[in-house]
Amino acid sequence: MKFAPILLASAASAHTIFSSLEVNGVNHGVGGGVRVPSYNGPIENVDSASIACNGAPNPTTPTSKVITVQAGQNVTAIWRYMLSTTGSAPNDIMDISHKGPTMAYLKKVNDATTDSGVGGGWFKIQEDGYNNGVWGTEKVINGQGRHSIKIPSCIAPGQYLLRAEMLALHGAGNYPGAQFYMECAQLNIVGGTGSKTPSTVAFPGAYSGSHPGVKISIYWPPVTNYQIPGPSVFTC
């Protein structure tokens, strides 16, 4: 695959940001309840505290807004290349070379505006890997940057952090190389039954640099089966 190095070089700066959250058809605006960074670069060290909700080298901006969401409904994370990007064409989202899975996690917290997200309590509620030759990131890139996430109906009500993530594997043949893009939204989830308690993981800790879903060549040999990193998806 002689073209791969050229492809990687040309796409090296094609990053992305989870910039806003849409609930019930209402977009809460860039940085409205989402801790957006000042730079759109990735986190590559899975052992960094920044793997939780982003951070150094991408300082995030605090927000006092907490978005109320009904348990059981779908919300939409909106991804854009930069905070100032207004379009929704594929190039406005992330370079198409950035192929990999999408994921989403929740963490129950006492105060969504102050909890750093670092540490335990996280459970996965969505993932989309490699299916029928199409990556989860491709669906978001070609779908106007829309990343649909269902909030479980059976969790306890209260404040949560929602961690939406896209993982780009174009340079993941060695570790570090995989590019993790994530931000955290601040939610107040209402109407949950609290009938099930999810098993949880920690960030950092949920991912390993040696995991086959983190260290993988997606160019050669051709990918036939992909193992998404992290825990299984929590279901009610």
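The backbone N, Cα and C atoms fix where each Cβ goes, and this holds for glycine too.
Going by Swiss-Prot, these are the annotated features:
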SIGNAL    1-14  signal peptide
BINDING   H15, H98, Y181  Cu(2+) binding site
CARBOHYD  N74  N-linked glycosylation site
DISULFID  C154-C236  disulfide bond
BINDING   H170, Q179  O2 binding site
Greatest C-beta neighbour count within 10 angstroms, which of the recorded positions N74, Q179: Q179
Spatial neighbours of Q179 (O2 binding site), counting only the recorded positions N74, C154, C236 and Cα distances within 10 Å: none
Whole-number Å value for how far H170 (O2 binding site) lies from Y181 (Cu(2+) binding site) (Cα to Cα): 13
Alpha-carbon distance [H170 (O2 binding site); H15 (Cu(2+) binding site)] in Å: 12
Whole-number Å value for how far H98 (Cu(2+) binding site) lies from H170 (O2 binding site) (Cα to Cα): 6
Residue among binding-site residues H15, H98, H170 with least C-beta crowding, 10 angstrom cut-off: H15
Which same-chain residues, if any, lie at least 6 apart from C154 (disulfide bond) yet have Cβ under 8 Å of it: A71, G192, T193, G194, S195, K196, C236
Distance [Cα-Cα, Å, rounded] between the residue listed as 'N-linked glycosylation site' and H98 (Cu(2+) binding site): 25
Local backbone state of C236 (disulfide bond), from DSSP in three classes: coil
Most Cβ neighbours inside 10 Å, all chains, among the recorded positions Y181, C236: Y181
